[in-house]
Amino acid sequence: MVIVAPSLLSSDLFALSDQLKTIKASPAQYLHVDIMDGHYVPNINFGDKFVSEVRAHTDLTLDCHIMVQDPEQVVFDVAKAGGDILTFHPETTQHAYRLIEEIHKLGKKAGIAFDPALGIAAYEDLFPIVDQVLVMTVSPGFGGQTFIENMLGKIAAVKKLQQENNYHFDIEVDGGINAQTGQQCVTSGANVLVAGSFVFKNDIQTAIAQLSQLQ
Ligand code: DX5
Ligand code: ZN
């Protein structure tokens, strides 16, 4: 029931081929790829070339988390490279509604991500058309940070709106997710768990299995 999305930010890039095989043999359904610009977030990492390389080696859903100012500049390249879900931070663009529509025109899924400091109210008008709402449970930019427990209320608020209005989006959480915090998020309404350090700093298969069994 719960979808597990191992975050490749914490993977061993020199062993990625083996790690992808291990993940393939696990219950994980997504691979989470963080794309950062050193501007919206204070870190730089993967881009569309990496997405296309990973695409060539997996049939798992590529869940692309775009932490970039003016996401129009990279979203389409990431889509072309084989990203399946394109999630951006709505405050990084003037035209979030249009960007979601354009992602849909490409036959891709569109998501919006909420920084811990960003309330959902200003972006509720996007909820009827998005495929995924990502509630960040750390400040975006780095792996290995501590889960912000205050975000559980935001997850529950998103879940409440989803149920009241029959919205179809998935509710994803990202940052500091392990078996304990993952359980808290699932209890609050999340159904997609991103996990970087917890997966790659432990036995990959065991960690993914633990997360996938949460309910
Ligand atoms: C942080 C990224 C996360 C990161 C999570 O900005 O969006 O996807 O990889 O790492 P952990 O699970 O270690 O907090
Ligand atoms: Zn992420």
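Glycine is treated like the rest: Cβ placed from N, Cα and C.
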Residue from H65, H89 that TrEMBL also lists as binding substrate with S7, G141, F142, G143, G144, D174, G175, G176, G196, S197: H65
Of D34, H65, G141, D174, G176, S197, binding-site residues neighbouring ligand 2, Cβ under 6 A: D34, H65, D174
D174 (substrate binding site) and H32 (divalent metal cation binding site), Cα-Cα, nearest whole angstrom: 10
Integer Å distance between the CA atoms belonging to H65 (divalent metal cation binding site) and S197 (substrate binding site): 16
All-chain count of other Cβ atoms within 10 Å of D174 (substrate binding site): 26
Close in space, distant in sequence - D34 (divalent metal cation binding site), Cβ under 8 Å, 6 or more apart: S7, L8, L9, N45, F46, H65, M67
